[in-house]
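Visitor: If you scroll down you'll find the structure; I have some questions about it.
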Amino acid sequence: MPTQLQRPLARLLALALLVLLARAAEDEPPFCAVRNRSTGSYIDLSPLASNVSGTPPNWLVRGWQYGANFTLGVCTSPLGDGPAAYYSDTGRRVSIGRVATTPRYTGKKLTLTYEGGDLCPNRVDRKSSLLYFVCDRDIHTIAQVSLLGVLHNCSYLFEVRSVHACAAARAAGDRSVLGIFAAILLVFAAVELARRCCAAPLRRRFRPDFPADRPRWAPAPTGWAARTRAFFARAAEPRQAIKLASSPPGHPASDMEAQNTLLDSLDVRSSGA
């Protein structure tokens, strides 16, 4: 049976386990958002992934010297179900990367990589795109996307300037594990202190202790070893024989006639009388 100290510790460990499980669920990467673990800042790019109507926006980017224009989405596909970025070549869409929803910090640069596009000209690698996000609070649109360069007609670099690329203090509802654990520990300590201070007086008031001289039932022996010890203890106890007043000296108490006489006359006395 757990002691009074073990029960509170078990409750505390159970609460700590629940906190860690909840924290593990919170640590799953959010959609199109990232936290800078070195500074604690939080960036949410999800507003760039959908319009007010909920449909994914199409970001049109001029290729200028490349000779083609590009269409891309941020964490979504501009086609709804297709590549995250593409360009048109003689009426055919050429994929330059599949959808990815997890931005990352590369040093101090916030980037989002689309990989797994169509085959590159070398027929070995596949086309990919790198979106480089820049915090800009002065632009009058939700974002401005421009093409920075193309490498071997296989890798494409875009710059995305937006106010949504600016870091916020912290995500809403974000709390540290130590803070949550400390709060639970304080509540647990307060409840345990109240229980220790109030439980004993209430128990004495509503369930008064029995007096010491009140007869109590002795606990029955359990287990074969305890029963064996109890049997030999009873066998070793001295017994007092019962004699009839009319029995001759030396007459055994187990005599049938003496027992019948005892029942008829009820004239008995103990051997110590």
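Using the three backbone atoms N, Cα and C, a Cβ is placed for every residue, glycine included.
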Visitor: Of the candidates Cys120, Cys135, Cys166, which does Swiss-Prot name as forming a disulfide with Cys154?
Guide: Cys120
Visitor: According to Swiss-Prot, the disulfide involving Cys75 connects it to which residue among Cys32, Cys135?
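Guide: Record-based pairing for Cys75: Cys32.
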Visitor: Can you look up which of Cys135, Cys197 is joined to Cys166 by a disulfide in Swiss-Prot?
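Guide: Answer per Swiss-Prot: Cys135.
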Visitor: Which value does the mean pLDDT take for the topological domain 'Cytoplasmic' (195-273) in this predicted structure?
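Guide: Averaged over the topological domain 'Cytoplasmic' (195-273), per-residue pLDDT gives 61.
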Visitor: What count of other C-beta atoms do you get within 10 angstroms of the C-beta of Cys166 (disulfide bond), across all chains shown?
Guide: 13
Visitor: What does DSSP give as the helix, strand and coil breakdown of the domain 'MRH' (30-168)?
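Guide: In the domain 'MRH' (30-168), the DSSP-based counts are 10 helix, 57 strand, 72 coil.
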